[in-house]
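Undergrad: Below, the features straight out of TrEMBL:
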type     : residues  : note
TRANSMEM : A:6-24    : transmembrane segment
TRANSMEM : A:45-69   : transmembrane segment
TRANSMEM : A:75-94   : transmembrane segment
TRANSMEM : A:121-143 : transmembrane segment
TRANSMEM : A:185-203 : transmembrane segment
TRANSMEM : A:237-258 : transmembrane segment
TRANSMEM : A:279-300 : transmembrane segment
TRANSMEM : A:320-345 : transmembrane segment
TRANSMEM : A:366-387 : transmembrane segment
TRANSMEM : A:393-417 : transmembrane segment
TRANSMEM : A:424-442 : transmembrane segment
TRANSMEM : A:454-471 : transmembrane segment
Amino acid sequence: MDLTVLLFLLLYFLGMLAVGVISMRRGGASSMEGYYLGGRNVGPLVTAMTMQSTSMSGYMFLGAGSLGYTQGYYGFWYAAGDIGGGVVNLSVLGRKMRKLSQIMGALTSIEYLEKRYPSKWVRLFAAVLSVFLLGAYVLAQFIAGGKGLELVTGLPYEAALAIAVAVILAYTLMGGYGAVAYTDLLQSFVMIIGIVWILIATLQEVGGFTAANEALGSLDPTLLSVWGRDLAYEGQWGIVLGALLIFSIGYMGWPHVVTRHMAMRNPFHARRAGVYSTLWNLIFVSAPYILGVLAILVLPDLDDPEQAIFALAQNLLPSAVVGIVMAAIMAAIMSTADSILLQTGSIAARDLYERFINPNMKEVQMVRVSQIIVLLVGIACGLIALFEPPAVFAVVVFTTSVLGSAFLPAYVCAVWWEKANTPGALSSMIVGSGVAFIWQYFQLDGVTEIHPMLAGLVLSSLTMFLVSLLTQRSHPVPEHILTAIRETDELRPLPNRLKAQQDFALANEAYCVSYSSGGR
Amino acid sequence: MSHQGIVSANCEMEEEVWLEARLAQDDVNKRVAMINRAFQMTRLQAVGFPYLVVAFCWHWRRFGILRHGLLHCAVDRCQGTSITMEQLPLGAPIADAELVQPRLDTGLLHQKAYRHVTQARRHHLKQRQATSLHVSSARLIRKPLWKVDVSHAKYGEMALLLDGLTGGYYVMP
C-alpha cells in the first residue's frame, strides 16, 4: 500500500467535498428550479463538461481500456461515435428541449415526458425503467470504484468494494444536486489531465505510436485492424453501426444527461456547449482506447483487462502523480455514481411515490423516500457487485442500449415532430426497451450480427412513427402542446445579441400571452 | 401544511392586486431603444399575468432564540410554473391591460406552492432544521408585462414581451 498515493487520494476527496459544500451553500436551493436544474442558470462550459463527465467517467477508465486491450483498434468505432456524441446531443435536443421544458414547466426529464405526452402511464413506465437502468449504471460505477481501490490499496476486491460503496453512499446522502454540476466541471479538467498524463508516460514507455504499432503488428496484426482481434467483427456492419451509434446518439436517451439541457441558462448556449464538448472529447475520448491497446505491450499478462489503465498508471508514473491520477479516476467514478444515485432517488420519490402513491407527501417523507431508495439501490448494487460482478463494459453497453432505444425517439420527436403523440411515445418506449433487453439477454447480436442498440433504436423509432400516425385521430396532440412546440422554432433570423440576451424565464409567460391573444 | 391551511387561505383570498410596475409605461420606449437602437415601437399593450402568491412562514429555535422564516411563492395560474419571491411590492392596476385568463384551479396551485417551498427548504431538512410550514397569506396577483410591437429596418416586424418588474425581454414567436 503506497502512502503517498493514499494521501493524494484523501486530499482530492476532501477538496471535492469542499467544492461541493461551497457550491451547494452559494447556489442554494432557493427555488424548485434551483434544486433540480441549478436555477436554469448553467453556462455553456459547465453544461458541456457536466454532460461529458457524467456520461463517461467510470466506463472510460475501465470499459474503454478493456475494449482496447482485448479487441485492439476495434474500440475506435465506439470512440468515433463518442467524440461526436456531445455535439450531436446538444445540436439535436439542446436549444429546443431547454425552451420546451421551460414553457411546459417541467423540472425533471421524466416530468417533461409526461407533459409532452400527457399520460400517467408515460411517467410510470419511464420512471420505473429509469430507476431500474440507472441502478444498473450505478452498479457499474461501484464495480469500477471497487477495482480501482483494490489496485491502489492492495486490499482484496471485497474489502475495497465495501469501502467504495460506503464512501459513495455517504457522499451521496450528504451531497446536493446544486453541487454536482460544479464538481463535475472541476473533475472533467482533472480527468483530462490524468488521462493525458498516463498517455504521455505510456507513449514514452513504448517508444511512440509508430514503434508501438509495429510491435503490435508483430504480436498480432489483427489488433491493428478496426474489425477486432482475429477480425472477429469483419463485415458485421450491424454490429459496427450499433457501436458507432451507441455513444453518438445513445446519450440522447439518458434521463440524467438530457436534464443538463434543461438546466442551461440560455438555449442559445447549446451551440457553444457543443463546441466545448467536442474539444474535450477529441482529447479525452480516444485516449482510454489507445491506452488499452498500448497496455498489451506494457502489461501483456494482465488478469483483468478492465484494470489496464489503473495498472499503466501504477507502473509508469511516480507515486505522487499516481495519487493525483488515481484520485481523479476515483473521484470521477464517485461523482457519476453520486449524481445517478441522486437522480434515481428523486425519480423514485417525485415521479413515482409522490405522483402515484402519496400526492400530498410531506417534506420529511420526500427526503426519507429518496434516501431509502438511494440506500436500497446502493445496497442491492453493492451485493451484486460483491457476489456476481459483471464487466463494466457489458453493464454500460446494456444500460445505454436499453435507455437509448427506449427514450431516444420520445425525446427527439418531442421537439422535432408535432405528430408524435402519447400512444406513439408509450409504445416506442415499450418496444425499444423490450427489444434492446431481449437482444442482449438472448445474445441475438451473435446470431443476427446486429448490435442491440441498432435493433432497439430502429424498431422503437418505427413504432413511434407508425403508432403516432395510426392514432392521430383518436389521440391528437393537444393544441397547447402544439403551440408550445411551435414556440421553440427559430422563426426568423435575429441579431445574435438580441437572441442571446433574452430573459428566458419569460418564455412561459410569452407562451401563455400568445396562446391567450390567439383566442385558442 | 394541512388541508385546513389551504382552505382557510382560500377563504382569505382577496380581489386581484397588481405588483408594482417598476418599468413604467413611460419608460418602455427607452427600454426598447436600449434593447436595440434600431427598434421603432409601433404598439404598446399592457398585460396582467395571473399568479397566486402564497406566503409561507415557519419557526425554528437556534441557540435558544425563536426565529421566523417567511417565503413568498408565486405560482403561475396558467401553467403552474412556480418561483420564489423575497418581496411582494404592490402597485396600482394598469388601465386597459389585457388580462390573461387563468386556467388552473387554486387548490392545485396551493399544492404546487407548498411543494416548491418544501423543495427549496429541503437542504435545511437534511441538517435537521425542518419545521412545519404554515400558510400566512394567499393572494391573487397580476404581474405587469408589456407586449410591444416593434419594427426593425433589417429584421422587420416583431413582438417583444417586457417584464414589468425587471425590464427583461423575450422575443415572441
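For all residues, glycine too, the Cβ spot is worked out from N, Cα and C.
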Undergrad: I'd like to know if the transmembrane segment (A:121-143) touches the transmembrane segment (A:320-345) in this structure, counting it as a touch only when three or more C-beta pairs sit under 8 Å and are separated by 6 or more positions.
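TA: Yes; at least 3 Cβ pairs under 8 Å.
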Undergrad: Contact between the transmembrane segment (A:393-417) and the transmembrane segment (A:454-471) is defined here as three or more C-beta pairs under 8 Å separated by at least 6 residues; is that satisfied?
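TA: Result for the transmembrane segment (A:454-471) with the transmembrane segment (A:393-417) is yes.
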Undergrad: Restricting to CB pairs under 8 Å, which listed stretch, A:45-69, A:75-94, A:121-143, A:237-258, is in contact most with the transmembrane segment (A:366-387)?
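TA: The listed stretch sharing the most Cβ pairs with the transmembrane segment (A:366-387) is A:121-143.
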Undergrad: Check the transmembrane segment (A:75-94) against the transmembrane segment (A:121-143) for contact, please; criterion is three or more CB pairs under 8 Å, pairs 6 or more apart in sequence.
TA: no
Undergrad: With pairs closer than 6 in sequence left out, are the transmembrane segment (A:121-143) and the transmembrane segment (A:279-300) joined by 3 or more CB pairs under 8 Å?
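TA: No, the transmembrane segment (A:279-300) and the transmembrane segment (A:121-143) are not in contact.
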Undergrad: Take the transmembrane segment (A:121-143) and find every residue of the same chain, 6 or more past its ends, with a Cβ under 8 Å from one of its Cβ atoms.
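TA: For the transmembrane segment (A:121-143), the far contacts come to 57-59, 62-63, 110-111, 113-114, 161, 164-165, 168, 255-256, 333-334, 336-337, 340-341, 343-344, 347-348, 351-352, 355-356, 373, 377-378, 380-382, 384-385, 389-390, 392, 395-396, 398-399, 402-403, 406-407, 410, 422, 425-426, 429-430, 433.
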